[in-house]
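Trainee: This is the structure, below, for whatever I ask next.
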Amino acid sequence: MNPYILSILLFGLGLGTMTTFASSHWLLAWMGLEINTLAIIPLMAQHHHPRAVEATTKYFLTQAAAAAMLLFASTTNAWLTGQWDIQQMTHPLPITMITLALALKVGLAPLHAWLPEVLQGLDLTTGLVLSTWQKLAPFSLLLQIQTPNPTMLILLGLASTLVGGWGGLNQTQLRKILAYSSIAHLGWMILVMQFSPSLTLLALMTYFIMTFSAFLVLKLNKATNINTLASSWAKMPAITALTPMILLSLGGLPPLTGFLPKWLILQELTKQALPLTATIAALTALLSLYFYLRLCYAMTLTMSPNNLTGTTPWRLPSSQLTLPLAITTSMTILLLPLTPAAMALMTI
């Protein structure tokens, strides 16, 4: 892609997100979301592959439906209450509709079906943008809405953690596995959103760091399915040794960074007298942990076929930058000791 066009599209992505961040009026927030969607569509379709075009079309239709639903709900709110302000939502009907529209935008279960299919059709760089940056604007709106019915968010969160764990079990495509991982992590964030928004933001930032390192490892390996992971030990033994820790951190295993948000979220749910919700969420984390362990097994304990076709990629040096991978990997593995500092920042 032409660097000037790429710069304009990336600027559009940033502008759309920042517009939504800065808006207090629903029309301006909707406009920011639309700019965001229109900026990423050419990035998704840039390879002109039939699968990429199909994924782009699915993404566009889903986001257009969510945006139309959000616009209709905000208009309904203005009609019922005379208010366009985001923080002045009082009527339960438009609040429910807007919550569901934003859930469709980020891919929360049961409105998640588009996310694995779309991510599967994209290259890893665009998939990383879709899994991280594209979540920010809808999340900023979800955090501003005062939901009168906490049960709906808890049900959305539990459904997402269940679907995210269950859906990834029988997958062999890495991008689909990462999509289901995204759904599960979003479920954890939604569970605690109404009780501790700062904890939701902490979980979101931690998820971004871990997903960034996971995508960069796969990009360095040029891996798209589980079988291609087996040859990584010959190309990059150090990264292959560290990747299981990245994956287990995504699964939330102590003493890695991914344990930090899960631990604090379970603690907060228990404080809010929701022990059953906390127990179900903790059990669904085991489902996710299973398919992360499967990836670890494929990467470190299986050997690739040692024929000429298999050995050729081993001799080709990678031209990609490894500094971002080194930084995010260190953060993915080693940030758990900063838990007291994170908790202190959340109470400010």
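Using N, Cα and C of the backbone, Cβ positions are placed for all residues, glycine too.
Copying in the features that TrEMBL gives for the protein in this structure:
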- 23-287: domain 'NADH:quinone oxidoreductase/Mrp antiporter transmembrane' (DOMAIN)
- 289-341: domain 'NADH dehydrogenase subunit 2 C-terminal' (DOMAIN)
- 60-80: transmembrane segment (TRANSMEM)
- 92-115: transmembrane segment (TRANSMEM)
- 151-170: transmembrane segment (TRANSMEM)
- 177-195: transmembrane segment (TRANSMEM)
- 201-221: transmembrane segment (TRANSMEM)
- 233-253: transmembrane segment (TRANSMEM)
- 273-293: transmembrane segment (TRANSMEM)
- 323-346: transmembrane segment (TRANSMEM)
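Each of the listed features needs to be described in terms of its position in the shown structure.
Mentor: Through the fold, the transmembrane segment (201-221) approaches residues 124-125, 127-128, 131-132, 135, 139, 143, 174, 178, 181-182, 185, 188-189, 192, 228-229, 232, 235-236, 239, 243, 246-247, 249-250, 257-258, 260-261, 264-265, 318, 320, 322, 324-325, 328-329, 331-332, 335, 342, 346 of its own chain, all at least 6 residues removed from its boundaries and within a Cβ separation under 8 Å.
Long-range contacts of the transmembrane segment (323-346) within the same chain, counting only residues at least 6 positions beyond its ends with a Cβ under 8 Å from a Cβ of the stretch, are 196, 198-199, 202, 206, 209-210, 212-213, 216-217, 220, 239, 242, 245-246, 249-250, 254-260, 263-264.
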